[in-house]
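Q: My structure is below; once you've seen it, I'll send some questions.
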Amino acid sequence: MVSLGGLARKVFGSSNDRRVKSTRPRVEAINAMENEMRALSDTELAGRTEKFRQDIANGASLDDLLVPAFATAREAARRVLGMRPFDVQLIGGMVLHNGGIAEMRTGEGKTLVATLPVYLNALAGKGVHVVTVNDYLATRDSEWMGRVYKFLGLSVGVIVHGLSDEERRVAYASDVTYATNNELGFDYLRDNMKYERAQMVQRGHNYAIVDEVDSILVDEARTPLIISGPLEDRSEMYNTIDTFIIQLQPQDYEIDEKQKTSIFTEEGTEKLENLLRDADLLKGESLYDVENVAIVHHVNNALKAHRLFQKDKDYIVRNGEIVIIDEFTGRMMPGRRYSEGLHQALEAKEHVAIQPENQTLASVTFQNYFRLYKKLSGMTGTALTEAEEFGNIYGLEVTEIPTNLPVIRKDEDDEVYRTVEEKYKAIVKEIREASAKGQPTLVGTTSIEKSEQLADRLRKEGFKDFEVLNARHHEREAAIVAQAGKPGAITIATNMAGRGTDIKLGGNAEMRIADELGDMPEGPEREAREKEIIADVERLKEKALAAGGLYVLATERHESRRIDNQLRGRSGRQGDPGRSKFFLSLQDDLMRIFGSERMDGMLQKLGLKEDEAIIHPWINKALEKAQKKVEARNFDIRKNLLKYDDVSNDQRKVVFEQRIELMDGEGLSETIAEMREGVIDEIVAKAIPENAYAEQWDVAGLKAEVAEFLNLDLPVEDWAKEEGIAEDDIRERITQAADAAAKERAERFGPEVMNYVERSVVLQTLDHLWREHIVNLDHLRSVVGFRGYAQRDPLQEYKGEAFELFQAMLGNLRQAVTAQLMRVELVRQAAEAPPPEAPDMFGTHIDGTTGENDFEGGETALLVRQEQNAVVAPEDRDPNNQATWGKVGRNEACPCGSGKKYKHCHGAFA
């Protein structure tokens with residue numbers, strides 16, 4: 001029976017169909033220009049860029065230029081790459097230009113699609129960012145598609161890990177910049193820790209196209225980018241508490257796998273209190289007394305570490321370190337650490353060295369970073385299941401782009417077995433049958449542990465020729481994925497490992513040529529070998545096609561339908577045949593957590609025998625329902641987190657904008673004077689209550705605070721004794737004395753140095769207080785949830801108290817800046833004052849596809865100081881040119897040749 005909605009769609013078409021249909025007139029207009037474009041010489045075609053820029057200068061909008069610009073970019077791609085964008089790719093390009101998400105199936109050429117809106121938007125000269133999930137793809141695409149942009153006269157840059165600030169500035173200044181989401185986010189944070197505008201590398205957030213947009217804006221939305229600095233060592237505390245958790249019995253705690261929460265029962269709490277008391281760690285009578293907040297935090301983390309986190313599923317131990325496993329991709333994420341002390345609890349559990357906790361210096365979520373862009377768009381193979389989230393959070397509409405050729409892949413119903421053992425028997429049998437007839441098989445698993453269990457089983461069953469693609473073997477990832485389409489190939493992969501590399505039937509000719517002929521010089525012999533490889537790949541492709549194309553065999557359902565769809569989507573690219581099937585058991589995580597008991601009873605009643613499967617569309621529907629529930633819950637979590645993060649994000653934007661204004665400002669004397677007046681108002685109001693008699697004034701307190709904040713010794717006692725003296729008189733006299741002292745200091749320093757000193761003091765003080773404020777907000781957020789028990793809305797409470805904390809921070813800023821500037825002295829005026837140094841920083845910087853930290857050594861490494869602080873060898877320093885000195889140690893001989901230590905010569909600035 002057709003639903004009313006289905007009937008309406010048949011008559012009127014869906015909103016998606018209408019959006020696609022609305023682009024057709026422009027597609028036809030672009031096609032109508034094709035012969036005209038082909039008739040142009042290379043010089044004439046490239047010259048159109050300058051003409052378009054002139055049109056924009058004369059008032060034309062980018063929409064006005066869409067048809068001719070797309071026609072130009074299409075012809076350039078045909079000439080330079082030998083690739084002509086199809087009509088459906090033009091539609092995808094228009095969706096991206098309009099600030100939407102284009103859902104395009106695997107193999108439909110998303111990389112090429114992006115060139116069309118990138119070219120059009122780059123004409124405005126404000127920069128376009130193409131965002132990918134790892135350095136490999138950013139570099140590959142910038143070189144590959146960069147040929148089109150360069151042919152058309154545009155500059156292209158790429159941001160990858162390890163570049164200097166100068167190289168980053170050049171890349172960001174390009175018309176088109178390819179970069180990873182992590183590099184963009186960290187450059188934004190680092191820019192907002194700089195002390196001079198010229199040191200910043202980014203030039204604004206105009207337009208971004210995010211590749212694999214679901215991975216970046218949904219899967220990674222909850223994981224903030226964090227720059228942090230080290231805190232005190234608490235390893236002994238973690239180890240002690242870990243020994244207590246081991247002593248607990250199942251009745252001492254309750255675990256909820258579905259919600260991923262754990263709590264202590266009354267018996268457990270009592271047992272813990274006794275253990276903590278014996279270890280002299282408990283203050284007061286109860287574990288939940290206010291002075292034991294930190295201890296509660298530690299014991300909760302230790303319980304989670306032991307009961308909610310499994311080794312080889314959620315993390316592995318490698319080289320004496322806990323390495324997190326990405327739940328979506330099954331990849332290792334070296335360098336990424338759980339926050340709030342959970343990682344340290346896992347280290348204590350596994351008896352490896354406990355790394356110190358870090359204090360957050362700056363952080364931003366991808367949700368908030370990408371909302372900085374004036375226009376944002378994205379592409380992926382799977383976005384429709386998250387359409388509501390993209391719409392609600394980012395204001396992005398998802399449009400499903402039709403495929404160039406119809407998808408003929410056969411998606412078969414799930415096979416459900418009672419036990420994991422029965423399921424694996426069926427999987428091995430299925431793999432054997434597919435391999436025997438020469439059908440390439442991609443076997444999808446949800447974790448490293450399961451991929452290796454299956455690999456062991458295949459070995460025992462006599463399989464020799466198969467590949468395992470999981471976090472342990474990421475180095476060969478692209479190569480394994482590229483050859484997974486060979487006839488009879490068996491590839492076991494965790495979830496979406498290798499995303500970004502197509503599985504081509506017969507194998508990937510380009511990668512084979514690079515691999516087999518890497519060192520062979522150009523010439524007739526190499527050309528002959530290349531032709532042989534291409535012919536061999538074609539032959540193998542025909543064989544794989546005859547066997548039915550790629551068979552995607554999934555061993556488990558993921559919590560998210562989108563991840564399942566991504567796995568299915570590896571098969572049936574560009575009209576190729578293929579098939580997909582999920583093999584499940586009632587002992588799988590999703591089935592177990594979401595009510596498999598009822599189904600088990602039902603299957604027993606139906607008389608299901610051992611090794612028999614149940615296959616029915618109803619089962620698929622029931623599973624989809626369970627997945628929708630999980631997705632809805634995860635969306636609610638992300639939405640709720642965003643509401644809280646928006647509070648700190650609004651404050652972050654205010655602070656970062658203020659920093660830029662301070663760096664841009666020629667003179668800050670007026671701002672400093674206002675701060676000073678604010679401090680004077682506060683200390684006078686505190687000492688002299690409204691309508692109070694002179695005898696009631698706190699004269700001693702006022703004198704002490706004038707000395708503390710203004711560095712002035714004023715006869716406040718004598719003033720207070722004067723007949724008829726009022727509060728305003730006291731305030732005016734203090735202000736006059738403070739202004740006179742500030743003016744005298746400014747004249748001694750000179751305007752240039754004074755401006756530098758003021759800017760440095762304000763920026764450094766603001767940064768220090770902002771870091772403390774971030775910690776305070778984190779603490780507030782961790783406790784505000786309990787207000788719900790008092791029938792108060794935790795979010796409103798958080799907003800109110802966060803605002804109060806922010807106001808208090810600004811008050812502290814006024815006081816600290818005033819106190820410092822009223823004391824600062826010039827020991828020796830440097831010829832060129834060195835910029836302040838940033839604090840020691842650690843960056844958690846994870847590649848979204850490989851799940852690895854891009855810092856060298858695979859560890860969370862000390863962030864490299866900016867290039868103006870780089871160490872320069874003494875022999876390379878010119879005594880007469882300070883720009884060549886780099887970073888000089890304070891106790892080194894001054895490079896100017898005076899013979900004094902640097903700190904007593906050019907570095908003598910306090």
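Cβ coordinates are placed from backbone N, Cα and C, and glycine is handled just like the others.
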Q: Which of these, D502, D515, D519, does Swiss-Prot say binds ATP at the same site as Q89, G107, E108, G109, K110, T111?
A: D502
Q: Starting from the Cβ centroid of Q89, G107, E108, G109, K110, T111, D502, which together make up the recorded ATP site, report each further residue of the same chain whose Cβ lies within 8 Å of that point, ordered by sequence.
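A: Nearby residues not in the site list: M104, T106, L112, V113.
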Q: What whole-number Å value do you get for the CA-CA distance of Q89 (ATP binding site) and C894 (Zn(2+) binding site)?
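A: Cα-Cα distance, Q89 (ATP binding site) to C894 (Zn(2+) binding site): 62 Å.
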Q: Please report the distance from the Cα of D502 (ATP binding site) to the Cα of C894 (Zn(2+) binding site), rounded to the nearest angstrom.
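A: D502 (ATP binding site) to C894 (Zn(2+) binding site), Cα-Cα distance: 57 Å.
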Q: For the binding-site residues G107, G109, work out the Cβ neighbour count at 10 Å and name the residue with the minimum.
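A: Per-residue Cβ counts within 10 Å for the binding-site residues G107, G109 bottom out at G109.
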Q: With a 10 Å radius around each C-beta, find which of these binding-site residues (E108, D502) has the fewest other C-beta atoms nearby.
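A: With the binding-site residues E108, D502, fewest surrounding Cβ atoms within 10 Å: D502.
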Q: Taking the Cβ of T111 (ATP binding site) as centre, how many other Cβ atoms lie within 10 Å?
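A: By my count, 17.
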Q: Tell me the Cβ neighbour count for C894 (Zn(2+) binding site), meaning other Cβ atoms within 10 Å of its Cβ, over all protein chains shown.
A: 19
Q: Could you find out if DSSP has K110 (ATP binding site) as helix, strand or coil?
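A: Going by the DSSP assignment, K110 (ATP binding site) falls within a helical segment, counted as helix.
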Q: For G107 (ATP binding site) and C894 (Zn(2+) binding site), determine the Cα separation and express it in whole Å.
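A: Rounded to the nearest whole number, the Cα-Cα distance is 61 Å.
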